Each structure stands twice: as structure tokens, then as C-alpha cells.
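Copied from TrEMBL, the annotated features are:
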ACT_SITE  H173  active site, proton donor
BINDING   H173, N174, A175, V176, H177, D214, D323, Q374  AMP binding site
BINDING   H177, H213, D214, D323  Zn(2+) 1 binding site
BINDING   D214  Zn(2+) 2 binding site
COMPBIAS  441-450  compositional bias 'Acidic residues'
DOMAIN    97-420  domain 'PDEase'
REGION    418-450  region 'Disordered'
Amino acid sequence: MSCLMVERCGEILFENPDQNAKCVCMLGDIRLRGQTGVPAERRGSYPFIDFRLLNSTTYSGEIGTKKKVKRLLSFQRYFHASRLLRGIIPQAPLHLLDEDYLGQARHMLSKVGMWDFDIFLFDRLTNGNSLVTLLCHLFNTHGLIHHFKLDMVTLHRFLVMVQEDYHSQNPYHNAVHAADVTQAMHCYLKEAKLASFLTPLDIMLGLLAAAAHDVDHPGVNQPFLIKTNHHLANLYQNMSVLENHHWRSTIGMLRESRLLAHLPKEMTQDIEQQLGSLILATDINRQNEFLTRLKAHLHNKDLRLQDAQDRHFMLQIALKCADICNPCRIWEMSKQWSERVCEEFYRQGELEQKFELEISPLCNQQKDSIPSIQIGFMSYIVEPLFREWAHFTGNSTLSENMLGHLAHNKAQWKSLLPRQHRSRGSSGSGPDHDHAGQGTESEEQEGDSP
């Protein structure tokens, strides 16, 4: 098979049109040749961000030797083959909840559609397997295993791959966040204005996209990858860098696990493309694009959910809501998420300071307080989106509940503002590098976040 080597980013392009595929070839990578259509990334295929390069003020490419960097930021399992590839069968039980699980976890799953679902407690009860356990339960509850004739062992294997590819050391962008977003997505899929139109494929796409939307997140934002000249930024030409990585990594795991291998080729290609469209919609730089489009649809009353295109758009909106729904949770959980995301911001700021880089917005712990960050995020990002979502749902009980929590939580943060800031209000942007910005030009400048 002839192939053309491409220097940029180590990609391989196959000349034969029948082999229309890309294979990302990186050091430490077990090469995975993609199927036709979407190029897939191999799990753990990307090398660490070598901070020795950051010691050079000229960015000439020469490796500085002034400091010995002990802590290297890496994508998950660099130079580390997965347990599955080494033939080690996961020890976790394949049953949804067998006798090793506490009765409380089983009871919690019976109320998984409730908005006050405590994902932190559920993660503890499932011994850190909240994402796998939740997805297995939801796939079974929605009848997806039967409808798509999925093999339960293969499904479990795929979900373990996804869960393991989240970085547990990230305070915020970890598997618990993915489980939280998935539980929120489940609640939104049950909204009366949407549920009656959804097909099994829509539901599966929504749950899979929610579960994998931040997979292999490095804990830093897109501007950080760009200014450190990370090859992912080059690979995706500085556009939706993290979202593209999450999507392509997900496709790689789907193919590696062969979860959908029994389905028609055209169907699997469509699933891959739709997953990409959903995950890419979580890019905060596209916030105004989606919000403006949603407002126009609601104003013109021209949403036709019988049409696949309009249903897909509302799935994108639902995923965007689920991804930033933390301020709409009860105060105890919302506060915990806020502290986690700000801790992740501050860690990035410390790295930037250590390597003499400009500290990114929201990442300076000495200047950016948690209350100011949260109030700005709620005002500029969360409130506008959730008010339109409430409009779409006809002010459903869940929507009213979320807006009520949002107002209460915003008041709580205002009461915690440093005294000198209270009189002039907050100028903060957002909680998450992926979710930062004031809804205007700052979104374009800041881009994705940790």
C-alpha cells in the first residue's frame, strides 16, 4: 500500500482513494488506521507538553537547560499501552450493579432523572466508576442495547476506555464531570417538548457525546496549547483544538472497541460525523453562533423537530446546556464544581508563571477570585443560554427549577465577593477555560479553556 508522508503533525495520508483515511503517527503511538471519512486519533497517542521548550525566550526550538522540569503535563498514558490492549480484562463487574455495590448506589440510579442527583456521592458509591455505571444503566433504560443489538461486554469495554481516558488528576475536567454532564443530558432528553420526537439514534448520540465530550482533556485551555506551540494546535490549525481532539479520540475508541462494527458502514459513518458535530458545538467560541440561531428559531417559531436537522440542532443546544449546567445545580454541588474549575484555572496560571508566560485570563489566583469568575460566567454565558432553553421547553418544571438555582447561586457568590468589588459588580468571565468569556469579543480572544 503506497502512502504519502506528511511532515506537519506526523499525519499519514493514503494515496489510494479506496483507503481514504488518515493515521496519526506519533511517538509512542500504536498506529490506528481510520476508516473512510473521519480521521481517528489513537488513545494516548500524543506526547507530553515538554516545558523545557518554554525556557527559551526566543522560542527558537532549542531546548533550554536552565531548569529540570519534574512535572510534565501529558496526555493520558503517554508511552503507556492501555490495559485492554495488553489483554488484561477489567476486574470491574459487568453487571450494572452486582452485590459488590452498595444498596445506596442502586437506589440512586432509580432516581437518575432527578435534578438534585448527587454525582459526587454516586461516584464514591461506585468506587470511582460513576461514568461506566451510569452509561450502562442509561443505555439499558433507554432500550439502546436491545435496539442496536449491542454486545454488553463490548459496551462495557468501550465505556471503560472512555472513563480511563479522562485525567483523574484534573480537578474539573475528569470522568466525574463527564458523568455529571451525561446525567444532565439524560434529564434534558426527557423534556416533553423534545422527548416525543427523539429516535433511539438521537438518544444514543446525545448520551455518547455527553460522556466523551471532554475525553483526554489535558487540564489547560486552547490558548495555552497555542502559545506553547503544542502539536495539537498545529494539527487542528488553532481551531476548536480540544473539541476536535475529544471527537477524534472518541472515534478512535469506538473503532478500537468495535462497539458499532456490526452496524452498516453508512450508519457508523453517520454516527461518527454527528458525534463530531455535537462535541464541536461545546466550543465556547461558538456560543454566540448557537445562541443567535436558537433565538431566531424561537422567535420565528420554525423549529420542526420532525426533521432530523432541527432535532440535531436541539441536541447540540442540550449538550451545551449540560456542559455548563453547574451554576444551575443546588448550591452545595454548584459551589463544589466552581471551586474545582477555578483550581484548574489557577494550576494553569501557576504553570504559566513558572515558565515566564503571560498568565491567561481567570488563571491568576491573586487577582481572579472565585466569586468574580462565577458571577461573570453566570451573567454572560449561562443565563442567556438557559433563558432561551426555558423558552424552548415552555418554562418546564425543570427549566424553572434550574433558573431558580441559578439566581440563588449568583446571589450567594455576590455575598462572597471581596468588599471592594461589591459596589462596582463583577467583571469576571467564566468558570472554565472551555467556558470563559463575556459573550462578545473576549470569547474570540480567549478561546477554549481547561
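Backbone N, Cα and C atoms are what each Cβ position is placed from, and that goes for glycine too.
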Exercise. May I ask for the distance between V176 (AMP binding site) and H213 (Zn(2+) 1 binding site), taken between their Cα atoms and rounded to an integer number of Å?
Key: 12
Quiz item: Do you know offhand how many angstrom separate H173 (active site, proton donor) and D214 (AMP binding site) by C-alpha?
Solution: 7
Practice problem: Please determine which of the binding-site residues listed here (H177, H213) has the lowest count of neighbouring CB atoms within 10 Å. | Solution: H177
Quiz item: If you measure every Cα to Cα pair among H173, N174, A175, V176, H177, D214, D323, Q374, the residues listed for AMP, what is the largest value in Å?
Solution: 22
Quiz item: So what's the mean pLDDT when you look at the domain 'PDEase' (97-420)?
Solution: 96
Quiz item: What's the CA-CA gap between N174 (AMP binding site) and H213 (Zn(2+) 1 binding site) in angstrom, rounded?
Solution: 11
Practice problem: Determine the minimum-neighbour residue: among D214, D323, listed as binding-site residues, which Cβ has the fewest other Cβ atoms within 10 angstroms? | Solution: D323
Quiz prompt | Site with most surrounding Cβ atoms, counting all protein chains shown within 10 Å, from the binding-site residues N174, Q374 | solution = Q374
Practice problem: Round to a whole number and give the Cα-to-Cα distance in Å for the pair H177 (AMP binding site) and H213 (Zn(2+) 1 binding site). | Solution: 10
Quiz item: What is the interatomic distance between the Cα atoms of A175 (AMP binding site) and H213 (Zn(2+) 1 binding site), given in whole Å?
Solution: 10
Self-check item: Between H213 (Zn(2+) 1 binding site) and Q374 (AMP binding site): CA-CA distance (Å)
Solution: 22
Self-check item: Cα-Cα distance linking D323 (AMP binding site) and H213 (Zn(2+) 1 binding site), given in Å to the nearest integer
Solution: 9
Quiz prompt | Listed recorded positions (H173, A175, V176), ranked by Cβ neighbours within 10 Å, top entry | solution = H173
